[in-house]
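K.L.:
Handing you this structure, nothing more for now.
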Amino acid sequence: MMGQNQTSISDFLLLGLPIQPEQQNLCYALFLAMYLTTLLGNLLIIVLIRLDSHLHTPMYLFLSNLSFSDLCFSSVTIPKLLQNMQNQDPSIPYADCLTQMYFFLLFGDLESFLLVAMAYDRYVAICFPLHYTAIMSPMLCLSVVALSWVLTTFHAMLHTLLMARLCFCADNVIPHFFCDMSALLKLACSDTRVNEWVIFIMGGLILVIPFLLILGSYARIVSSILKVPSSKGICKALSTCGSHLSVVSLFYGTVIGLYLCPSANSSTLKDTVMAMIYTVVTPMLNPFIYSLRNRDMKGALSRVIHQKKTFFSL
């Protein structure tokens, strides 16, 4: 009987966003514009880092991977949301739902790991400037990026395989705009204790520990600055770390608030809004944060534009 129940669910229904029918077209245009902005902004950062030799440094290696992660993170959920809003068809096949969940976890976890790597890079740059090149060697940086990809791949695969073993009965309505893992667990009609324990344990490893490592890095940075207080040193630290701190606050603020600090009167609307912030808004804002507050990125853009003008004027 349980096997029949599992195979009877061939697809799920995504309720999407709690918007009125008359607001559908406006919201569709808004999310399409946000998605295109995310794609173009992050692609611009990747291309600039690739083309400008001045940006071939550890910090920008991590940033290019972060931009790629943001680009993919949005692409996991937003195209399906736009399709459902346009076609008025909220269904998603069972296999597609698990696939979406897998890539959502992969790129979300990858962002967490890369933010830690960038925090460590800033820590070394400010606290050990004379040894920066020796510590942040190309081999170390490539190893960190490769390890981040491997760990997040296995973590996402673990949760996906555990989800695939569950049985789903008659209820196939997901009160979300994507296949959220916690929402899927609520629909399962088999024992989910193993899944919940793995989420609890791995959540600490993937979210809490990286966040604490970032806090530790910035605590050491602040301590280093206070030892030799000067307006020049403070300005340098702010210019070096300001963009990264903004991104960390956006990402971890919403994720921790949603998954690790749920309120007693938690509602579907609140969960949807907070999920929208870190899946749509944060990836869109990251390119603006890093380009508008970063002299290196502005300089790289100017040099690339100047080179193109020179090329076409020949």
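Note: Cβ is positioned from N, Cα and C throughout, glycine not excepted.
Note that the coordinates shown come from a computational prediction; the quantities given were computed from them, not determined experimentally.
Feature annotation from Swiss-Prot assigns disulfide bond to Cys97-Cys189. Positions annotated as N-linked glycosylation site by Swiss-Prot, on the basis of sequence analysis: Asn5. Summarising the annotation, Swiss-Prot assigns topological domain 'Extracellular' to 1-25, 80-100, 159-195, 260-272 and lists sequence analysis as the type of evidence. Here Swiss-Prot flags 50-57, 121-139, 220-236, 293-314 as topological domain 'Cytoplasmic', drawing on sequence analysis. According to Swiss-Prot, the feature transmembrane segment maps to 26-49, 58-79, 101-120, 140-158, 196-219, 237-259, 273-292.
Quick one: how deep are these features, and who are their neighbours?
P.N.:
Under the three-state DSSP scheme, Cys97 (disulfide bond) falls in the helix class. With a cut-off of 8 Å between CB atoms and residues at least 6 apart in sequence, the same chain places Asp11, Phe12, Ile174, Cys179, Leu184 near Cys97 (disulfide bond), listed in sequence order.
Here the topological domain 'Cytoplasmic' (50-57) returns a mean pLDDT of 87 for the predicted model.
Long-range Cβ contacts of the transmembrane segment (26-49) within its own chain (Cβ-Cβ under 8 Å, at least 6 residues beyond either end) map to 17, 19, 55-56, 60-61, 63-64, 67-68, 70-71, 74-75, 78-79, 81-82, 85-86, 280-281, 283-284, 286-288, 290-291, 297, 300-301, 304.
With a threshold of 8 Å between CB atoms, the same-chain residues lying at least 6 positions outside the transmembrane segment (101-120) that come near it are 59, 62-63, 65-66, 69-70, 72-73, 76-77, 141, 144-145, 148-149, 151-153, 155-157, 159-160, 163, 178-181, 184, 206-207, 210-211, 213-214, 217-218, 244, 247-248, 251-252, 255, 278-279.
For the transmembrane segment (196-219), same-chain residues at least 6 beyond its ends with a Cβ under 8 Å from one of its own Cβ atoms are 109, 112-113, 115-116, 119-120, 122-123, 155, 158-159, 162, 181-182, 185, 241, 245, 248, 252, 255-256, 259-260.
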K.L.:
Any residues 6+ beyond the ends of the topological domain 'Cytoplasmic' (50-57) with a Cβ under 8 Å from its own?
P.N.:
64, 296-297, 299-300, 303-304
K.L.:
Using DSSP, how many residues in the topological domain 'Cytoplasmic' (50-57) fall into helix, strand and coil?
P.N.:
5 helix, 0 strand, 3 coil
K.L.:
Are there residues at least six beyond either end of the topological domain 'Extracellular' (80-100) with Cβ under 8 Å to its Cβ atoms? List them, or say none.
P.N.:
9-17, 24, 27-28, 31-32, 35, 160, 163-164, 168, 174, 177-179, 184
